[in-house]
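Visitor: I'd like to ask some things about the structure below.
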Amino acid sequence: MAVADDTKADLLKVSILGKESIHCGFHLTPYIVQTVLTTLPSSTYVLITDDNIAKLHLNKFEEAFAKGIEKSAANPKPRFLSHVIPPGETSKSREGKARIEDFLLFHKCTRDSVILALGGGVIGDLVGFVAATFMRGVRFCQIPTTLLAMVDSSVGGKTAIDTPHGKNLIGAFWQPEYIFIDAAYLETLPTREFSNGMAEVVKTAAIWDEKEFTSLESRSAELFAAIQTPSTNYAGRTLETRSEAQKLLLSTIAASIGVKAHIVTIDERETGLRNLVNFGHSIGHAIEAVLTPTILHGECVSIGMILEAELSRQLGILTQVGVGRLTRCLKAYNLPTSLSAPLIASLPQASLLTVPRLLDIMRIDKKNSGTNKKIVLLKRIGETYEQKASIVEDKAIEKTLAEAVTVVPSIPTGNVKGSPGEVRMSTPGSKSISNRALVLAALAKGTCRLRNLLHSDDTQGAVFTWEDGGETLVVEGGEGTLTVPTPGKELYLGNAGTAARFLTTVCALAQPAPASVQPPSTNTVITGNARMKQRPIGPLVDALRANGCSIGYRESEGCLPLSIPPNSFKGGKIQLAASVSSQYVSSILLCAPYAQDANGVTLELVGGEVISQPYIDMTIAMMKTFGVEVTRRTDASGKLLDIYDIPRGTYVNPPVYNIESDASSATYPLAVAAITGTKCTIENIGSSSLQGDAKFAVEVLQKMGCEVHQTADETTVQGPPLGQLKAIEEVDMEVMTDAFLTASVLAAVANGGENKAMKITGIANQRVKECNRIRAMMDELAKFGVHTTEQELGLTIYAVPISQLKKNVSVHCYDDHRVAMAFSVLSTVVEGAIIEEKRCVEKTWPGWWDDLENKIGIKVEGVDLAGLRAESSSAGVKESKPIDNSSILLIGMRGTGKTHIGQLAAASLPGWSFVDADHYFESKLKTGVKDFVKNEGWEKFREEELAVLAELIGLGVDGKAVSSPSSYSKNHVISLGGGIVETPAARSLLKAYLAKGGRVVHITRPIDEIVRYLNVETARPAYEEPILDVWKRREPWYKECSGWEFGNVVVEAPQGQAQAANVEAGPGKTKCVKTLAGRNEVKRFFGHLAGINPNFTHGGSVEGQQRRTYFLCLTYPDVRHAFPYIDELTEGADALELRVDLLKDAKAPEAPFPSVAYVKDQVTALRRVTGLPIIYTVRTKAQGGAFPDGNAKEYKELVEAGVRLGVEYLDVEVASIFSDKEVADLSKRTKKAGSTLVIASWHDWSGKMQWDGEDVKRKYDEARKFGDLVKIVGKAEKLEDNFKLLSFVKSATSLPNSPPIIAINMSTLGQSSRILNTTFTPVSHPLLPTKAAPGQLSFKQIQQALHLLGLLPSKHFHLFGTPIAHSMSPTLHNTGFELLGLPFKYGLLESKEVDCKEVRDVISDKEGFGGASVTIPFKVDVIELLDELTESAKEIGAVNTIIPVHRSSINAQGQEETTRVLVGDNTDWVGIRVCITQRVSEGELRNENTSGLVIGAGGTARAAIYALQDLGVPVIYLFNRTKEKAEDLAKAFVGGADKKWNGQLVVLDKLGGGWGDVGVAPRVIVSTVPASATALPSASTAAIAGQVDKSTNQIVLPADVFAYTSGSAVVVDMAYKPAETPLLKLAKELKEEGNWACVQGLEVLLEQGYIQFEKWTGRRCPKEQVSTRVWEKYGEV
């Protein structure tokens, strides 16, 4: 038997640059080697690949070359060399290129060498560039192993490496001699990688070849099958052995390559035409720069293609048809098409995809011309707008990229020539008719051309082709013959509710798959997105089940996903509840002719009033058009019954079916005309329409005062003058329910008639649409200041004048297209409204925002929500985490203090409230918990308790989402009963909540304290067993049902800390958090957990410069030993590292490591004395720590404890005790929770690690896979080791999305690396017992060294004002500078006016001026010298702090430049605020019975009012010696801080007495007048107490100014000379009540000074020592 020649192969060859050098086939290794050896003679052949590819394919090449060289007649015989490099983008660098070149030089390769690049795009780009430059150019061949490389990077001769400035910025055009496409390699490719490559295949077809694109649209399943079916015995190498799937795959690849090859041949050097292959790449590359390496190139390009196609649509170049086809095609290959795709949205990096960030990245693009961005614009499928990239303005790109929009209020400009403001347009095809037409055409006999089909998320084709550039859909009907999909293939419908309901019955018609299909298919599964899984489908399923179709629910009862058996639609008599959705009725009607019963179907609608009858009539009318007539029965009197007879039969397709424009969509442009007083005509919708919503103009708009003219196929509306719409007293919209949202926004401003209220009825079904639309409209209209009330069948809207609508509202759209479009109508008359989730309109009118601007003529702008939500911090030291407003649950034993902790937590979270589940239970069931248990028993109580829990968190008792979650599921802290974990059902529900991203916190307290408390507590049912037994049973349940723990314990604060707000624990009391420190820890913990005030501090900038960060290593066996010195120890530190492995419990001195319980106590104790972030480290002995390497179980328990305690940073060792999967799971969990960041660390104590070696690169690559930060520690044996470290850091940080890196060398020689490290440098302190590592320095030492190196230049700071000779500010700031080792100096600059030469000279020193304080009398005058003000300074109208900020920007030439801006701020109000909240909690201050008093009306009074408004004090009294000034000041502060305060600002005639009309004595008093302006009452002035003594112009202070006695209260006197002012003296004299805390002016000065210090330096001021010195100095003065 002859042996087949394995070097022979049947190929598809593609020509490029006049040469057939691209060879495509299967199993080509022998052919490649033979071709190279025979046609490219050489002395040396070098194959370069990476570790991953080498394992799969290198051995075969080595064998083939050995065999080929042995047969070679060459003399001497050539050499074959191979070189394997690390995989990944890190190798594609200057250093990586140099290493390959060194290999070639070492092996004495010469110019005749031939290099083979075997691998993906990285290998091809890198090796190609090496070939282009080695010996000034050698021959090379591309052998791509990924589909992406086959169709893209290997073709065209582009070679390049990356640099820190961007990807592919250094390279050359260097054409390979051959490109060998071996499609068999794709069999080893993961499916996701195949999809990655298909993005480029779709791209080439989209820009060049519509025929190929059409093939791609319809044949995705076959292409996937080709790579998922392994070819045995080299099948495919020859035509005889090549399967049809292989032929399709190869022709698809060759066709894509052919497009690019043709373009390259015409434009090799990318002067114009070659730009076209960058379609999708301009935006795609920007996305990739943020998301790499998590998201693949093709996935980013896929999103980029859609966004660039939408950009073309926005510019009026591409129709929605093209966008829709492109979207569906990409989705067919499992590619994401939007930034909200789950693959993208689930990533932590997704929050970085801000519009400014993407636009900034897009600046660096080789297609650009100067500052002009160039993008390839699609004209239609298969053709581009220009034969090159087109210039596009940033504004247009911003609008496309933004996730939200704002409509600029204006009168429409219109699109009718000669008639300004008049609009004539058509809307997209009706969704309702499109969906029905698709089903009818697919089930019918023959061919049907559907025109004006809606191209949207909600319409999908069956068997189809496109005509007229996609304007016409050609459907080949199947006569009812359908087959169950292949196993594992589900029908995913997104949020397409209509499609889901129609297809439920359609799937019951499907026939089982042929026996030849193995494994056999059984049922059809239809599913959708999360929202789709909430929408009801139960009544339809019930009807089909009753008819014999055994449909199964795969998740929640009554919702998708469904499992539908084949051939199960029996027919005959069917009863259906139609009071929820008419779509259930239409689903059965459409399929009825194909039911099995010979007599067809008799459909009877039961269960109350039928909803949306017009849609049922529409279905029947369309069925008649397709050849089947439905009969609706009548009774003897001729009254129509809800019974329908449908005969068996076969639909017959009409040749052409024109789909009406969507009447629901038509309501929006018509409503724009109505609300703006303009004219609009909608074509293709009139009185003959099948759609009920076509009546909207006549039945609603005309009655609201519009002129309406309607023909059979056109509707014209002329609105009344602006503001003259009239409310209809009551309108029944049952025949046009979807249009009620449009009517609602018009009703909101229908203020033109006598009636101001408009009642809309007949819309009950709108509660179960994409969202509860009635509730949605009520909630969102409320944001505009519009009052509504809800009824069973609808709602009533109470109109307000347009001028009174609230501005700058952010509208949440609930992923509902109709909500978004309705509020876009209202936004045409109200400023600043932001429509979130702009893309939800894609369901029915994808181009709405473009049409609103281009056709109607109202400007629409993009809004970057991520940018709006970003925290603004002038110091820039906070890292953001996403804000999550889902409610936080508290669980734990009764008596742990859940209620108290919950109340404090809710009070500390802006906009949050507290709810006690037991109280909610009692209010709902109208009985106390104790009585309920007594009467009904524990089992019944647990059932009701579970129902309450489900209701509060917005889930069903089965853990599934519900359609209308309660308001308690957001922005609430919910305390649950101690026994909530007793039942499996409740535990499952809590775990389901956790799994969905909810927060459940276990509140703990020492069990002995709990026992003491419960032994005397009688309010709730007694336990029926010992408390300790209950605790032991529940403890593991609490742990499994919670994600975090919070310890409610009393920790004695160090000496000097304020012991405010003491609440002693004792019988009947559980408030253990009794100190200010305890309150602060509650605020920190829950603020961090919710993402409202994240406690991360590892990055940022100060004055536009990179801010270095440091952490102090605590090396105590018991951290409580550090508490007396904690303020000094933490000077300069941004975080504390808790070395868990070094902890030693004195009660277990022999234990090799601490217990979990001891560690929890240590963390809890540490939290009470410092709010600094904790770096939680369990260092193993292998990496220089104390934890035994063999105790894996205990190590994992300690790490888990850190996560549960919510530590901000968790140090996890690379190559540690954790397996790769465990590390990945841990990383995934922490990223999902968002409260803990992982520091992936590696410590080499051996000194063998070289910073320029391969080992450190591999460790770094491993660490960056799961670490939010990377820490690598080596050992310096010589000074040069530090230089190598810096080089490594520079290279590592140049990679896209490289995490922050901590890189240091141990030993004394390594100290320079600690000085130069920028992120989280570990520091020690002289007061610590030991250093954590050799070579550690203190923070102060590092600052001094940085100054000597010129990296921390000297700065000068000043105080502007007069008189200022005795100011305490120099002492305050200079003490802080000295303690931290900062080379700064603070001095006085006294002048008669602030705008003088001396001041101008100081502030104009751009290098040396660090900032300034401003005091009287210059706080207002100084504003003229500044560039901008902070919001608080603007509101207060005074500046006490000047901050120089350095900002980078791009100039007109595209160059980066830095400018200095002088920013004016006000820290007085912050100082006042801090002093108040140290004495009275924020929750108490917001209590409705709380009031505050401000004495004075000057600049400081403004700061005091601002502070009280910011705290939410509901009533603020203002008293001044000159009442007119107080009244002027009150007018300036209407609306309060940031215009969000809605309390009362009351100007008093006198202090005390009845406190005006309000009658509430103040709990907070702030005096801003000099001490000399007040006086204690005397015998002669007692009669005028509370008023101004005109003889002295002093305020006589009445005793009842301190009348408040119901709780803690505070008086702040801003004057600090004398120390004891008359106001403070009076407070002390009356202090027998014990509730008034006194604050001297110097304390406020200190607090505001601490804030100044941090804003200038980015460092926390060392408060305790600074305070001590200032008070000493004050005493001297």
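Yeah, the Cβs are placed from backbone N, Cα and C, and that goes for glycine too.
Below are the features I grabbed from Swiss-Prot:
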- 1-394: region '3-dehydroquinate synthase' (REGION)
- 50-52, 89-92, 120-122, ASP125, 145-146, LYS167, 185-188, ASN196: NAD(+) binding site (BINDING)
- ARG136, ASP152, LYS158, ASN168, 200-203, LYS260, 274-278, HIS281, HIS297, LYS366: 7-phospho-2-dehydro-3-deoxy-D-arabino-heptonate binding site (BINDING)
- GLU200, HIS281, HIS297: Zn(2+) binding site (BINDING)
- 407-858: region 'EPSP synthase' (REGION)
- 885-1113: region 'Shikimate kinase' (REGION)
- 1114-1341: region '3-dehydroquinase' (REGION)
- LYS1271: active site, schiff-base intermediate with substrate (ACT_SITE)
- 1354-1677: region 'Shikimate dehydrogenase' (REGION)
Visitor: Please identify, among the recorded positions LYS92, VAL122, GLU200, LYS1271, the one with the smallest Cα-Cα distance to VAL277 (7-phospho-2-dehydro-3-deoxy-D-arabino-heptonate binding site).
Guide: GLU200
Visitor: Quick check: with GLU200, HIS281, HIS297 left out, which same-chain residues have Cβ atoms within 8 Å of the centroid of the Zn(2+) site Cβ atoms?
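Guide: Close Cβ neighbours, site residues excluded: LEU148, ASP152, ALA199, LYS203, GLY280, GLY284, HIS285, GLY298, CYS300, VAL301, GLY304.
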Visitor: I need the CA-to-CA distance for GLU89 (NAD(+) binding site) versus ASN168 (7-phospho-2-dehydro-3-deoxy-D-arabino-heptonate binding site), whole Å please.
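Guide: Rounded to the nearest whole number, the Cα-Cα distance is 11 Å.
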Visitor: Nearest by CA distance to VAL202 (7-phospho-2-dehydro-3-deoxy-D-arabino-heptonate binding site): which of the binding-site residues is it, out of LYS92, VAL122, LEU186?
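Guide: Answer for the nearest of the binding-site residues: LEU186.
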Visitor: Of all the binding-site residues given, namely ASP50, LYS92, THR146, which is spatially nearest to ASN168 (7-phospho-2-dehydro-3-deoxy-D-arabino-heptonate binding site) at the Cα level?
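Guide: Going through ASP50, LYS92, THR146 one by one, the Cα closest to that of ASN168 (7-phospho-2-dehydro-3-deoxy-D-arabino-heptonate binding site) is LYS92.
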Visitor: Given the binding-site residues LYS92, VAL122, ASN196, GLU200, find the one whose Cα is closest in space to the Cα of ARG274 (7-phospho-2-dehydro-3-deoxy-D-arabino-heptonate binding site).
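Guide: Result: the closest of the binding-site residues to ARG274 (7-phospho-2-dehydro-3-deoxy-D-arabino-heptonate binding site) is GLU200.
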Visitor: Looking at the recorded positions LYS92, ARG136, ARG274, HIS281, LYS1271, which one has the fewest other Cβ atoms within 10 Å of its own Cβ?
Guide: ARG136
Visitor: Among the binding-site residues LYS92, LEU186, ASN196, HIS281, whose Cα is within 10 A of the Cα of HIS297 (7-phospho-2-dehydro-3-deoxy-D-arabino-heptonate binding site)?
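Guide: For HIS297 (7-phospho-2-dehydro-3-deoxy-D-arabino-heptonate binding site), the binding-site residues whose Cα atoms are within 10 Å come to ASN196, HIS281.
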Visitor: Could you state the whole-number distance in Å separating the C-alpha atoms of THR146 (NAD(+) binding site) and GLU200 (Zn(2+) binding site)?
Guide: 12
Visitor: Tell me the coarse DSSP state (helix, strand, coil) of GLU200 (Zn(2+) binding site).
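Guide: In three-state terms, GLU200 (Zn(2+) binding site) counts as helix.
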Visitor: If you count the other Cβ atoms within 10 Å of each Cβ, which of the binding-site residues VAL122, VAL202, VAL277 comes out on top?
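Guide: Its Cβ has the most other Cβ atoms within 10 Å: VAL202.
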Visitor: Out of these binding-site residues, ASP50, GLU89, GLU200, which one has the fewest other C-beta atoms within 10 Å of its own C-beta?
Guide: GLU89
Visitor: What residue among the binding-site residues ASN168, ASN196 has the most other CB atoms lying within 10 A of its CB?
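Guide: Counting every other Cβ within 10 Å of each candidate, the maximum falls on ASN196.
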Visitor: Under a three-state reduction of DSSP output, how is THR146 (NAD(+) binding site) classified: helix, strand, or coil?
Guide: coil
Visitor: Measuring Cα to Cα, how far is LEU186 (NAD(+) binding site) from LYS1271 (active site, schiff-base intermediate with substrate) in Å?
Guide: 37
Visitor: If you compare CA-to-CA distances from ASN196 (NAD(+) binding site) to each of the recorded positions ARG136, HIS281, LYS1271, which comes out shortest?
Guide: HIS281
Visitor: Compare the C-alpha of ARG136 (7-phospho-2-dehydro-3-deoxy-D-arabino-heptonate binding site) with the C-alpha of each of the recorded positions ASP50, GLU200, LYS1271, and give the closest one.
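Guide: Looking at Cα distances from ARG136 (7-phospho-2-dehydro-3-deoxy-D-arabino-heptonate binding site), the smallest one goes to ASP50.
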Visitor: Roughly how many angstrom lie between the C-alpha atoms of LYS92 (NAD(+) binding site) and HIS281 (Zn(2+) binding site)?
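Guide: With distance taken Cα to Cα, HIS281 (Zn(2+) binding site) is 20 Å from LYS92 (NAD(+) binding site).
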Visitor: For the region '3-dehydroquinase' (1114-1341), what is the mean per-residue pLDDT, to the nearest integer?
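Guide: Here the predicted model's pLDDT, averaged over the region '3-dehydroquinase' (1114-1341), is 89.
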Visitor: Which secondary structure state does DSSP assign to VAL122 (NAD(+) binding site), in the simple three-class scheme?
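Guide: Going by the DSSP assignment, VAL122 (NAD(+) binding site) falls within a helical segment, counted as helix.
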Visitor: Considering Cα atoms only, can you say which of ASP50, GLU200, HIS281 is the nearest neighbour of LYS1271 (active site, schiff-base intermediate with substrate) among these binding-site residues?
Guide: ASP50
